[in-house]
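Annotated features in TrEMBL:
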BINDING   HIS21, SER38, TYR109, VAL110, ASN111, SER126, HIS195, PRO196, GLU197, THR212  iminosuccinate binding site
BINDING   CYS83, CYS169, CYS263  [4Fe-4S] cluster binding site
Amino acid sequence: MNLAEEISKLKKEKKAVILAHYYQRDEIQSVADYIGDSLALAQIAVGCDSDILVMCGVNFMGETAKILSPEKKVLIPDNTAGCSLADSCNAVDLKKFKEKYPGYTVISYVNTTAEVKALTDIVVTSSNARQIVESLPADEKIIFGPDKNLGNYIKAVTGRDMVIWDGACHVHEQFSPVKIKELKEANPDAEVLAHPECRKPVLDLADKVGSTAALLKHSEKSQAKKFIVATEPGILFEMKSKCPGKEFIPAPPEDDTCACNICSYMKQNTLQKLYDALKYEQYEVTVPEETRVKAEVPIRRMLEISEKLKL
Ligand code: 13P
Ligand code: SF4
């Protein structure tokens, strides 16, 4: 059986739409209707009118789509695909943290559970975090979570009053500034591209810091012909297809033997699981209505501000 062909048939038969994050396996990106970063996937989930939406990503992405489109059947090929960053902040602890900072506006990165979003004032992604923070009054006090690297980066570039949650993504924390520096010395014509979930010593070496979508866009318009890419290497699939003739070198992790710059959660989805998802309409994402209603508010706020700012 040719899985890609069968997926395409089933998709038409069931009028389903397949969304995939840039970190998905190449073969999944190849069959997806839309490939995007977290912001784009949330925007597409709202805009598309299909009854079935298959989110090839991790659980929080499926939840975000379901929160925004409760009338749709949202499927995820593997419902055990978690996220170390979302796991680093639970709702009980966030509630206690908020009590320590009364009057603060809670800004949460989209990589969070529905319960955490329900305790949030505005959700952000790495594509809009800076602009959303800057759109708030200059004296606004902010709790930012859960990613400390993104939080500290946004705090540094905006100069805003921010208390930052101590969470991180286990993939982006792995990139080695020493090895990136060595690679850069060996390839002086290469630009370093880094996701803001990376640690500060990595960001300090970067020619461009941005979300996956921003890094992709930069690689397309830059005059450079070579790039060292400090984010999950799934993005290289789209970079190579958008920029034929340019060279992309994945940034190495501290430990060369561990392949820990690869997000194992994102790679849990396979073509076979995507086929099964469409065929058996599994695994359906559900969010308790009380949580969904509360979590929808800060996500809609993000989408409204992003639309106003044309992001
Ligand atoms: P973006 O797609 O928003 O850049 O986020 C990266 C990420 O880690 C998603 O899990
Ligand atoms: Fe979560 Fe990091 Fe994987 Fe993104 S790359 S899904 S933040 S663990």
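Placement of Cβ uses the backbone N, Cα and C atoms for every residue, glycine included.
Known features from TrEMBL, placed on the structure.
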residue	record	Cβ within 10 Å
HIS21	iminosuccinate binding site	26
CYS83	[4Fe-4S] cluster binding site	21
TYR109	iminosuccinate binding site	30
ASN111	iminosuccinate binding site	28
CYS169	[4Fe-4S] cluster binding site	24
HIS195	iminosuccinate binding site	29
GLU197	iminosuccinate binding site	26
CYS263	[4Fe-4S] cluster binding site	23
Neighbouring binding-site residues, C-alpha within 10 angstroms of CYS83 ([4Fe-4S] cluster binding site) - of HIS21, ASN111, HIS195, GLU197: ASN111
Most distant Cα pair in Å, residues HIS21, SER38, TYR109, VAL110, ASN111, SER126, HIS195, PRO196, GLU197, THR212 binding iminosuccinate: 17
Candidates near ligand 2 among the binding-site residues HIS21, ASN111, CYS169, judged by a Cβ under 6 angstroms: ASN111, CYS169
Residue from HIS21, TYR109, ASN111, HIS195, GLU197 whose C-alpha is spatially nearest that of CYS169 ([4Fe-4S] cluster binding site), among the binding-site residues: GLU197
Spatial separation of CYS263 ([4Fe-4S] cluster binding site) from HIS21 (iminosuccinate binding site) - C-alpha basis, Å: 12
Residues flanking the [4Fe-4S] cluster site, with Cβ no more than 8 Å from the Cβ centroid of CYS83, CYS169, CYS263 and excluding those residues themselves: VAL58, SER84, LEU85, ALA86, ASN111, HIS170, VAL171, HIS172, GLU232, TYR265, MET266
